[in-house]
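Enquirer: To start, I am sharing the structure in question, which I have written as structure tokens.
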Amino acid sequence: SRENFIHLCNPHVEKMKEDILYHFALGTGTHDFPALFGDVKFVCVGGSPSRMKAFIAYIAEELGLGSPGCDYPNICAGTDRYAMYKVGPVLSVSHGMGIPSISIMLHELIKLLYHAKCSDITIIRIGTSGGIGLEPGSVVITRQSVDATFKPQLEQVVLGKTVIRSTNLDEQLAKELMQCSKEIGQFDTVIGNTMCTLDFYEGQGRLDGAICLYDEEEKLQYLKNAYESGVRNIEMESSVFAAMCNLSGVKAAVVCVTLLNRLEGDQISSPHDVLVEYQQRPQKLVGYFIKKSLGKV
């Protein structure tokens with residue numbers, strides 16, 4: 001069904017002689033997108049290039065598609081903006097930090113999947129976050145991404161006008177991921193709202209930035225208000241991720257581990273080895289989901 005293909009919300013692309021995905025160092029005039037990417041069914045995105053390389057090595061082993069110690073070349077080696085890796089039906093892409101960085105990546109990723117004629121795509125963001133009222137190491141599957149005023153929307157200025165876009169995520173996909181976590185049984189997982197902010201410090205109510213013009217009581221009240229509105233974690237990419245996937249007709253989910261409970265502090269102080277183990281939890285959950293979806297569990 002054509003409905004299962006990527007929906008491109010841009011009539012101008014079809015009229016272009018060549019489409020250069022500048023930040024990927026890829027282009028329809030220089031690369032055969034259907035041959036390179038036509039079999040992709042799962043796309044996992046995350047901030048760090050090294051983490052996304054580690055994820056592709058992990059998923060290759062889980063799916064029995066690679067030998068131990070095998071190196072996976074960076075498909076976007078012609079640029080230092082993003083990194084991209086592929087094994088079988090899984091694509092792993094870094095998106096950098098914050099809404100502008102992931103937005104640029106998603107524009108080009110969605111066009112890549114469109115040009116490759118991919119269908120039945122699931123895109124999942126895996127990452128880290130600050131928790132609210134959760135033990136560090138808890139995993140949050142996002143129900144809705146909300147802004148810093150707890151509204152489920154992305155506010156964007158286009159041609160000088162404010163445009164409001166929905167930030168809901170696929171409810172069924174969230175339930176399937178939650179079931180996978182129960183089957184793994186290795187860490188606490190919840191479904192909750194995720195607050196997406198424009199900043200790591202003031203925007204998230206931290207007291208430890210270079211600028212802070214509020215007190216601890218005001219900070220705690222804000223975070224408690226967030227918790228009462230259904231927010232369970234805070235990060236900086238989910239709103240535009242949800243909005244762009246919605247507009248492109250792609251099933252999408254956000255799975256983030258919490259590195260600390262923001263009601264108890266602002267600085268991430270857990271030992272390095274503990275943080276590394278925490279960061280592996282979203283990839284374990286998503287890896288299990290992919291294996292189950294492919295009938296390999």
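Glycine is no exception: its Cβ is also placed from the backbone N, Cα and C atoms.
TrEMBL annotations: computationally assigned, not manually curated.
Keep in mind it's a predicted model, so treat the numbers as computed, not measured.
The feature domain 'Nucleoside phosphorylase' is assigned by TrEMBL to 41-290. If you look up TrEMBL, you'll see ARG81, ARG125, ILE126, GLY127, THR128 marked as phosphate binding site. The substrate binding site feature in TrEMBL is assigned to GLN204, ARG206.
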Enquirer: Compute the average pLDDT of the predicted model within the domain 'Nucleoside phosphorylase' (41-290).
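Expert: Summing pLDDT over the domain 'Nucleoside phosphorylase' (41-290) and dividing by its length gives 97.
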Enquirer: Counting Cβ atoms within 10 Å of each candidate's own Cβ, which of the binding-site residues ARG81, ARG125, ARG206 comes out highest?
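Expert: The most densely surrounded of these binding-site residues is ARG125.
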Enquirer: Give me the CA-CA distance between ARG125 (phosphate binding site) and ARG206 (substrate binding site), in Å, as a whole number.
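Expert: The Cα atom of ARG125 (phosphate binding site) is 24 Å away from the Cα atom of ARG206 (substrate binding site).
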Enquirer: Around the Cβ of GLN204 (substrate binding site), how many other Cβ atoms lie within 10 Å? Please give the count over every shown protein chain.
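Expert: For GLN204 (substrate binding site), the 10 Å Cβ neighbour count is 23.
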Enquirer: Which residues of the same chain, at least 6 positions away in sequence, have a Cβ lying under 8 Å from the Cβ of THR128 (phosphate binding site)?
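Expert: Listed in sequence order: GLY47, GLU235, CYS256, VAL257, THR258, LEU259, TYR278, GLN279.
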Enquirer: Can you give me the Cα-Cα distance between ARG81 (phosphate binding site) and GLN204 (substrate binding site) in Å, rounded to a whole number?
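Expert: A Cα-Cα distance of 26 Å.
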